[in-house]
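As written in TrEMBL, here are the features:
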- Cys94: active site, glycyl thioester intermediate (ACT_SITE)
- 175-214: compositional bias 'Polar residues' (COMPBIAS)
- 242-252: compositional bias 'Basic residues' (COMPBIAS)
- 10-156: domain 'UBC core' (DOMAIN)
- 175-252: region 'Disordered' (REGION)
Amino acid sequence: MATNENLPPNVIKQLAKELKNLDESPPEGINVIVNDDDFTTIFADIEGPAGTPYENGVFRMKLLLSRDFPQSPPKGFFLTKIFHPNIATSGEICVNTLKKDWNPGLGLRHVLLVVRCLLIEPFPESALNEQAGKMLLENYEEYARHARLYTGIHALKPKNTSKTGAISESATALNVDKSSTASSKNTPSMPPAVSTSSASRAFGTSLQDQNPTVSDPAVGAAAARKKDGPMASKVPVDKKRLDARKKSLKRL
């Protein structure tokens, strides 16, 4: 099993720096999986670029670093099956950056970006997958159909990031706010209450002078007692007093 002990200390130090940078600031569409115990095998998930047959797919790949890295280039392999002229059915990647154009000054970030760009612009002239290369040159639509089919069957599905989740929540909150506003617009508003003094001025008369129709018996009785006033309750008392005086006069 390969470990960091297979690499020189200065290379380990440089790789640790590069991997930390890739973890903290990943390239667009690339997620590096870091294993601190083994820098000789580096895994990465590559998102299929938009507008290509690999869109909406995530492809896992690995870079194998030999003991004499960076003097010799790493070897690249796709672990996810993909239909591509420059990627063999075994997963081996054919790109000049990992062969004749290799430079020890090139970092891992550059290598990963080149691999992703290969999904955007294949090179059928140097194909490892001859079927894909020939199809791309002769009938692009058929090639794209095959590539999309492989993507749909074998590729991983992109995961929603926390940032994407925050935006969705904000959009949901915004939609709720908009629907509430729309609902309040559609709900008919109640007419403002009219004060007694305003109504009186409008009709030119005092509302207290009006005689409302009383439909509630209790209200009617209360109104009748109010209308009769205190004299109505005194009548029975005066009558009793008059009868008592008459009886007294008879006894005399």
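Count begins at 1; order follows the chain as displayed.
Glycine too: its Cβ is placed from the backbone N, Cα and C atoms.
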Neighbour count (Cβ, 10 Å) for Cys94 (active site, glycyl thioester intermediate): 18
For the domain 'UBC core' (10-156), the number of residues DSSP places in helix, strand and coil: 58 helix, 27 strand, 62 coil
